[in-house]
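Summarising the annotation, Swiss-Prot assigns N-linked glycosylation site to 164 and lists sequence analysis as the type of evidence. The feature topological domain 'Cytoplasmic' is assigned by Swiss-Prot to 1-5, 125-136, 192-226. The topological domain 'Extracellular' annotation in Swiss-Prot covers 27-103, 158-170 and is backed by sequence analysis. Look at Swiss-Prot and you will find 6-26, 104-124, 137-157, 171-191 tagged as transmembrane segment, backed by sequence analysis.
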């Protein structure tokens, strides 16, 4: 059985979502923070970097001699206090921890959906394109990714006065929308197939059967493809 174009398109959309999700995770441009002394820095899920103060025409005040202040970065992890510097540390720490967890779960779900598609192409009995659970498994994986990304992004609905959302956050919003689109395409395809199969079988009886005293005639019938 050849893979339908709609299924292949949904998997391709989910692959783009997976790429955008990883790009957003490993860049340091999730939010931009401004400190009281005028310095600015960009904070990501796993690292933060100081930014050059171009308005002053020189290096940032916190730069030390012999170091490039444009990318003076530090790694972040679970429960990092640095992400909440200048803001309510408890709130910001919870926001980033929640987003890290949701990002990892979404990456795992999108990857599982891609592997399910590839294993179906190989021809495994349980995950073959002929199996009814093949598309359902991919749709469930993509929908899970969309759901957890929404949960993580909602935590950034309220941010402090010194913090602004940056382009990595909007990139992750795009990944969430693409994952939702991929799941919706598969769900629509599944429901469309079921509607076709729920139609009653069409049986056309030959007119010759109505003739009297004639035997041995076979039924001429046409059944639905399901």
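Glycine is treated like the rest: Cβ placed from N, Cα and C.
Long-range neighbours of the transmembrane segment (137-157) within the same chain, counting only residues 6 or more positions beyond its ends whose Cβ lies under 8 Å from a Cβ of the stretch, are 7, 10-11, 14, 17, 21, 31, 94-95, 98-99, 101-103, 105-107, 109-110, 112-113, 116-117, 127, 165, 169, 172-173, 175-176, 179-180, 182-183, 186-187, 190. Proximity of distant same-chain residues to the transmembrane segment (171-191), defined by a Cβ-Cβ separation under 8 Å and at least 6 residues beyond the stretch ends, is recorded for 4, 6-7, 9-11, 13-14, 16-18, 20-21, 23-25, 103, 106, 110, 113, 135-136, 138-139, 142-143, 145-146, 149-150, 152-153. According to DSSP, the secondary structure content of the topological domain 'Extracellular' (158-170) in residues is 4 helix, 3 strand, 6 coil. Within the model, the topological domain 'Cytoplasmic' (192-226) shows a mean pLDDT value of 53, rounded to a whole number.
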